[in-house]
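> Relevant sequence annotations retrieved from TrEMBL are reproduced here:
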DOMAIN    7-40  domain 'Double zinc ribbon'
DOMAIN    151-202  domain 'Phosphoribosyltransferase'
Amino acid sequence: MQFLKSILDLVFPPRCEVCLSPNDKVICGGCAQKISFLKPSAFIHSVGEYDGVLKTAILKFKFKNKTGLAEPLGAFMVKYLSQNLDMNKVDFIVPVPLHSKKFLERGFNQSELLSHAISKHYNLPTVSGLLFRVKETNPQFELPRNERIKNVKGAFEVRGANLLRDRNILLVDDIYTTGSTVSECTKILKTNGAKNVHVLTLSRAYSI
C-alpha cells in the first residue's frame, strides 16, 4: 500500500491546495504564515479576514469538494481558540446548519466538518441534530445588508431543547459577514435555554 502511494506521489506529487506548490501538507507552511489572526470582539471570534489564503481555501473547501481542507482549517480555529477562549467553559459545539436541499447538493456541511476538527482536539461533542435550518434562504453574500436580517428571520429551529438548558455552546460557521445568520442562531439557542453562546467563524468578510 505504501509502495502504491509512493508511485502515485511520483506521478501526481501532493500539492498545497492554496498555492499549488509541491508539498506534503494540504496547506503549506508558507501559506499558513500568511494568515493573521483577528482580535476577538465582544460578540464574535473570527480567525482571519476572508481574503488571500483563507478565501482561496474556503472556496475550494465549499465549492470544489476539497473536504481534506477541513482538518488544517480546523487546526487554525483550534490555535485561535487556545489564545482567545477558555474551552473548559464550553459544554459542546453546534455547527450552523445547512438547509436539507443545500446539504444534498453539496454533500456535506462545511461548518459541521470544521466543528468535528475542533471536537477532536478538545474532546468535546459536536451536536449536529440540535439546530435545524427550516427555511431555504438565499446566499447572504448575494443580498444587500438591509435584506440579510430578513432573509434568515425564522430560518432556524431547535429540536431537543432539553439538551440546551444552562449549557455553554460554541457556535461554529465558516464566514461572518454582517452577523445576521449567527445572530439568529444565537437568539434561538438562548430562547431554548442555552446559558451562553460563543460564536467562532473561520473568517470575517468586511466587504461582501
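The backbone N, Cα and C atoms fix where each Cβ goes, glycine too.
Nobody curates TrEMBL annotations by hand; they come from automatic prediction.
Show me how these features fit into the structure around them.
Residues 46-49, 52-54, 56-57, 60, 66, 68-69, 71-73, 76, 79-80, 83-85, 204 of the same chain lie 6 or more positions beyond the ends of the domain 'Double zinc ribbon' (7-40) yet place their CB under 8 Å from a CB of it.
Residues of the domain 'Phosphoribosyltransferase' (151-202) grouped by DSSP class, helix first, strand second and coil last, total 17 helix, 19 strand, 16 coil.
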